[in-house]
There are 4 protein chains.
Amino acid sequence: MQNVRPLPQYLVGRYHGWKATSYAENSAWYRRLAEDGQRPRAMVISCCDSRVHVTSIFGADSGEFFIHRNIANLVPPYAPDGLQHGTSAAVEYAVTALHVAHLIVVGHTSCGGVAGCHAMCSGRAPELEEKSSFVGRWMDILRPGYERVKDLPEDQQVGALEREAVMVSIENLMTFPFVKTAVESGELSLHGIVHDIKNGTLMQAEDGGRRWAEI
Amino acid sequence: MQNVRPLPQYLVGRYHGWKATSYAENSAWYRRLAEDGQRPRAMVISCCDSRVHVTSIFGADSGEFFIHRNIANLVPPYAPDGLQHGTSAAVEYAVTALHVAHLIVVGHTSCGGVAGCHAMCSGRAPELEEKSSFVGRWMDILRPGYERVKDLPEDQQVGALEREAVMVSIENLMTFPFVKTAVESGELSLHGIVHDIKNGTLMQAEDGGRRWAEI
Amino acid sequence: MQNVRPLPQYLVGRYHGWKATSYAENSAWYRRLAEDGQRPRAMVISCCDSRVHVTSIFGADSGEFFIHRNIANLVPPYAPDGLQHGTSAAVEYAVTALHVAHLIVVGHTSCGGVAGCHAMCSGRAPELEEKSSFVGRWMDILRPGYERVKDLPEDQQVGALEREAVMVSIENLMTFPFVKTAVESGELSLHGIVHDIKNGTLMQAEDGGRRWAEI
Amino acid sequence: MQNVRPLPQYLVGRYHGWKATSYAENSAWYRRLAEDGQRPRAMVISCCDSRVHVTSIFGADSGEFFIHRNIANLVPPYAPDGLQHGTSAAVEYAVTALHVAHLIVVGHTSCGGVAGCHAMCSGRAPELEEKSSFVGRWMDILRPGYERVKDLPEDQQVGALEREAVMVSIENLMTFPFVKTAVESGELSLHGIVHDIKNGTLMQAEDGGRRWAEI
């Protein structure tokens with residue numbers, strides 16, 4: 001592994017600044033988090049996108065959110081087939097080991113993954129149809145959402161598909177037996193929101209996702 | 001989907017606070033990010049753990065890091081089998097679509113996933129061996145790392161395995177043709193660090209992971 | 001005093017959010033509260049416990065409740081001995097200076113202080129018997145309550161003692177001459193409730209505390 | 001105890017509203033808080049004053065802050081004399097049982113307790129000097145602070161004494177062996193702020209309380 005390189009110096013500098021300030025001010029808390037373990041209140045599933053950092057939006061500090069981030073904040077359906085499912089593993093750990101009280105799926109506008117899915121499903125991105133396209137195969141999860149938006153006016157489809165990325169994920173979450181049980185017993189609540197990057201607004205799923213209202 | 005619930009009020013309040021301050025002060029930047037798209041300099045692969053938020057440690061603002069988070073910051077080997085690989089999709093998108101310049105794998109101490117892997121590989125967690133265990137199957141990725149630490153003194157194994165979670169991921173990254181090409185052409189550099197939650201320190205892989213030094 | 005440290009940054013951020021929203025929207029009211037002084041309608045005595053915030057439960061905004069919080073929401077008997085009595089000072093100020101109309105004692109389930117008192121009185125917590133134990137000496141106030149519950153079935157005692165923490169406090173309140181006078185003249189009314197953290201219910205003392213009914 | 005009265009109806013109504021909304025949205029969290037116990041990150045010592053609710057200012061929800069409130073946010077010096085010390089009991093429980101990481105003393109402007117102390121110490125409130133005055137005896141804790149401000153210009157004394165109420169408390173906190181040990185070992189950090197009710201600003205003690213700066 002000759003390929004591991006030293007961290008870029010600008011990040012080293014910022015890290016030293018963080019350690020001398022934020023870490024120093026909170027060292028007692030970090031020590032306790034290390035010794036007692038984490039006990040986050042919520043799991044957040046959001047996109048890898050560099051423009052959506054939920055800790056900022058919600059003023060959440062270390063220890064509050066267990067965060068899984070993948071392309072387009074998707075959760076696949078339950079499939080206990082012995083294969084590697086990173087998202088399912090994260091959900092399983094959060095719900096069965098950490099017993100989070102809330103599971104919040106956070107979508108966003110201008111999502112590259114969703115746009116790619118829309119292009120693929122509408123026949124404009126054959127390269128994503130290929131077996132070897134990891135992004136394409138991942139976005140297959142959102143195909144049921146495309147079916148629900150494809151008859152909308154053209155200029156509304158991508159926005160609707162961004163909301164479907166949240167709703168499909170919540171539907172799939174309910175196919176996991178441990179999620180379903182926890183939701184039905186009142187130990188876990190599911191939430192779906194979409195963040196508008198440009199305006200900074202949050203839209204919230206209401207009435208089972210049939211309506212979306214600004215918070 | 002009667003299961004979607006309104007966002008807890010304390011998060012709504014904090015969000016409104018964020019919108020009136022951080023968002024308002026940076027609305028020009030957010031607007032540009034929305035209109036021009038993201039152009040992150042680095043991809044970070046880190047753990048879902050609520051105690052490790054790299055945006056804080058590195059003072060990173062919106063637009064800087066494309067972040068994938070999964071259990072134990074693992075990357076599986078390249079496998080273009082047409083199945084759903086969320087981590088591989090994120091890496092593919094970051095390298096081939098976003099052309100990030102750095103790919104940083106961030107491990108951490110007190111990692112529940114790594115501890116589970118160690119228990120599983122040493123025969124003390126049969127439940128993780130089951131086909132239906134998403135966490136167990138996901139942690140299979142780290143089995144090669146366990147082979148390299150299992151002969152160390154008992155009390156050093158978990159710590160060493162936390163570092164292996166970084167090194168195995170970097171090794172696996174190099175099995176992706178598009179990563180290998182980008183690294184070899186100098187368009188992409190790989191970095192591996194481990195964050196000590198208690199002390200706030202960062203350790204960096206040197207000499208191909210044979211040594212780890214505090215930054 | 002080299003020991004004073006800057007406020008953790010996450011609290012600073014949230015405070016700025018509050019100031020830009022809640023404060024800004026209510027600045028006229030805050031200004032009037034500052035200039036005219038407070039004129040709260042009720043005093044609440046509740047526990048320090050992080051799970052019981054009466055302003056939330058009762059939708060109370062700034063200026064409504066004068067709130068004293070101590071371990072197990074206890075009021076000691078009247079003792080004008082010239083020593084420092086923080087709870088008695090708070091009651092005196094609320095009743096004689098602020099002329100509150102209601103004095104509400106709010107107990108709660110899963111109270112660590114009450115559980116400690118029960119352990120101490122039943123001989124299972126010798127460390128709380130020590131002179132130097134502030135928690136032990138404070139919980140001495142509740143000993144008369146223990147006497148009234150100690151013959152109940154074992155599994156009912158702690159719950160009954162949580163209700164006694166409210167009733168003993170109300171009894172002790174009536175030993176303060178200024179409370180007794182205000183109650184008897186109709187200027188002040190006393191109320192006792194217990195909040196069930198898990199179910200969110202409120203139980204109310206009726207018939208002098210002989211019965212408790214869900215509100 | 002014929003003196004226990006039903007809760008005023010306006011509070012019953014608001015409580016029912018809270019239970020149907022905030023409680024319902026967060027019932028999973030409340031259940032977990034009840035079953036797992038509280039694990040607050042910080043203890044806050046603030047005034048009973050109805051105009052200062054720190055959960056609002058800091059966007060803190062159930063489970064975050066262990067809150068003791070007394071007149072003028074005072075902590076007496078360590079005195080293990082076997083008498084009842086409600087504030088010392090609360091500090092003991094927070095530091096030794098809950099292991100909070102931060103202890104934040106929050107003073108405020110227009111504090112009636114501080115104003116009374118100033119009047120008493122400057123000879124203008126003989127009634128507070130009486131042995132039977134609970135408020136007077138409680139405010140004795142702040143006498144060392146008065147000594148430090150009494151030579152300031154008259155119109156600056158009360159404001160300075162409000163800040164002294166924070167600093168004297170922090171000094172007294174350090175006389176508790178378990179606080180001193182926790183601070184010196186890095187397990188606990190102390191913070192002092194003053195909230196300006198009128199302007200909504202927070203001032204923070206710097207340089208050991210010699211300077212106060214707006215956050």
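Cβ atoms here come from the backbone N, Cα and C positions, even for glycine.
Note: TrEMBL annotation is automatic and uncurated.
According to TrEMBL, the protein carries these features:
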{"type": "BINDING", "residues": "D:C47, D:D49, D:H108, D:C111", "note": "Zn(2+) binding site"}
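Counting other Cβ atoms within 10 Å of each Cβ, the binding-site residues D:C47, D:C111 show the lowest value at D:C111. Chain C lies within reach of none of the binding-site residues D:C47, D:H108, D:C111 when a CB-CB distance under 8 A is required.
The highest number of surrounding Cβ atoms within 10 Å, among the binding-site residues D:D49, D:H108, is found at D:D49. Shown in sequence order, D:S46, D:C48, D:R51, D:V52, D:A72, D:N73, D:G107, D:T109, D:S110, D:G112, D:G113, D:V114, D:E162, D:H195, D:I197 are the same-chain residues outside D:C47, D:D49, D:H108, D:C111 whose Cβ sits within 8 Å of the Cβ centre of the Zn(2+) site.
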